[in-house]
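Novice: The structure's right below; bear with me while I get my questions together.
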């Protein structure tokens, strides 16, 4: 274990040349540098966020849903049938004509009746509109809250206005209370999403989502441990900017307010394009790749950090293309197809987590 620890925390990977962990271990009185142990605070905080979510969805979001006439009804359920239930669980949820004919003869049912049973049984496992509304309202509230905090905090920081301050004095940069709260709250939220997966309705992408949350936690922790938290806070802020708008559009969709939904979707798309295709590369990547090279110089974890941020930019371009395609179809049809949008944007922070997706979900910070 000691050998693994020494290998994992190799100073030549994590820190710039001529800097050691010992140099960061004993700062001046009143000065605090990031330490891996600081991140343990995120675990109890994540449990607290998870508990708040349960109470919020049960008492606040549910009341709002009912006020909008979104009732928690379960919909029509399939009648109990041991034979069909066994086929549904063990063999297939969408039987082909051969299975349908066999089951029809075995049960002495019409084929249409068997098809109807499977359709009702599949619908049983889908979350109701009431459930989806409550989940989206929780995410909207959190995203809006963390975005508001990010604006208030970053507005007072020098690196918000001059990104070179992300690198001046690196890695001897003080971890302020505001930056610590911002980082640990974001980290705790992603831990809480890992917890909530075991409570929420199981979806096809359960494993993909779990790996995504785990990767997100690891990447946030990575940027904290090697004290790239200043530029990391900018990446977090860029991604938080559009998240609450998507959730707001979904809320409008569930409430059957189509005009509001379309407006919010357009607003979301504009903000997404500006933040991911303009601000992110020209504000963040320019700083991490060029300003840091001039001020600090490259080192192994610097290369990894920039590689991950570049991969994220490639994904931004891909997602933007998909959003643009959805927007064009929406304009032609006169309706925003949020189910398709959810499928596309689950990759972002679970930032989009409301449905099922076969795309990799990655949020680097």
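Just so it is clear, glycine is given a Cβ too, placed from its N, Cα and C backbone atoms.
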Novice: Quick test of your reading of TrEMBL: among 136-155, 196-215, 216-235, where does it put transmembrane segment?
Specialist: 136-155
Novice: Which range is it, out of 263-283, 326-346, that shows up in TrEMBL as transmembrane segment?
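Specialist: Based on what TrEMBL states, transmembrane segment spans 263-283.
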Novice: Taking all residues of the DNA-binding region (86-129) together, what is their mean pLDDT?
Specialist: 86
Novice: Using Cβ atoms only, state whether the transmembrane segment (175-194) and the transmembrane segment (303-324) have three or more pairs under 8 Å that are 6 or more apart in sequence.
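Specialist: Since fewer than 3 Cβ pairs under 8 Å link them, the transmembrane segment (175-194) and the transmembrane segment (303-324) do not come into contact.
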Novice: Sequence-remote contacts (6 or more beyond its ends) of the transmembrane segment (263-283), Cβ cut-off under 8 Å?
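Specialist: Same-chain residues near the transmembrane segment (263-283) but 6 or more away: 163, 234-235, 238-239, 241-242, 245-246, 248-249, 252, 313, 316-317, 319-320, 323-324, 327, 330, 336, 338, 341.
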